[in-house]
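Asker: Quick one: this structure, given as structure tokens, is what I'll be asking you about.
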């Protein structure tokens with residue numbers, strides 16, 4: 001399958017819940033522009049971990065049985081990989097931090113540096 005171009009944007013899936021701010025409803029973060037070609041040196045299966053098992057088909061991260069929990073992250077589920085938020089944050093931020101530690105070029109790790117578009 002053809003990879004998306006550099007205009008690809010990662011956004012919260014429909015139905016995603018925002019974390020409340022005290023007794024007020026919260027808001028979802030801004031979307032994340034994803035420059036796919038900058039990640040072309042990474043093996044596809046590093047991010048698309050079911051690629052081989054699915055016969056080369058790229059499925060959405062929120063496919064049933066994968067990262068399909070749309071709850072907001074809190075202390076009780078902070079490590080639950082079923083949460084789509086945790087899946088992206090673990091994959092992206094951990095990789096960027098590892099590259100930074102190895103003094104290699106990398107992407108951002110701060111919220112506002114990734115979540116930049118509406």
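Using N, Cα and C of the backbone, Cβ positions are placed for all residues, glycine too.
Heads up, here are the entries from Swiss-Prot:
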type    : residues          : note
REGION  : 1-28              : region 'Disordered'
BINDING : 36, 44, 47, 48    : heme c 1 binding site
BINDING : 39, 92, 95, 96    : heme c 3 binding site
BINDING : 49, 61, 66, 67    : heme c 2 binding site
BINDING : 89, 111, 114, 115 : heme c 4 binding site
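For each listed feature, how buried is it and what is near it?
Answerer: Here the region 'Disordered' (1-28) has Cβ contacts under 8 Å with residues 34-38, 40, 44, 56-58, 60, 62, 70-74, 84-85, 88, 117 of the same chain, all six or more residues outside its ends.
The Cβ of residue 48 (heme c 1 binding site) lies under 8 Å from the Cβ of 58, 59, each of which sits 6+ residues away along the same chain.
The Cβ neighbour count for residue 95 (heme c 3 binding site), using a 10 Å radius over every protein chain in view, is 17.
Around residue 61 (heme c 2 binding site), the same-chain residues six or more apart in sequence whose CB sits under 8 Å from its CB are 67, 84, 87, 88, listed in sequence order.
According to DSSP, residue 111 (heme c 4 binding site) sits within a helical segment.
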Asker: Can you count the other CB atoms that lie within 10 A of the CB of residue 39 (heme c 3 binding site)?
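Answerer: Looking across every protein chain shown, the total is 16.
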Asker: Going by DSSP assignments with H, G and I as helix and E and B as strand, what are the residue counts for the region 'Disordered' (1-28)?
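Answerer: The region 'Disordered' (1-28) comes out at 0 helix, 4 strand, 24 coil.
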Asker: Would you pick out, from the binding-site residues 66, 114, the residue whose Cβ has the largest number of other Cβ atoms within 10 Å?
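Answerer: For the binding-site residues 66, 114, the Cβ with the most other Cβ atoms within 10 Å is 114.
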Asker: If you measure residue 92 (heme c 3 binding site) to residue 66 (heme c 2 binding site) at Cα, how many Å is it?
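Answerer: Here the two Cα atoms lie 17 Å apart.
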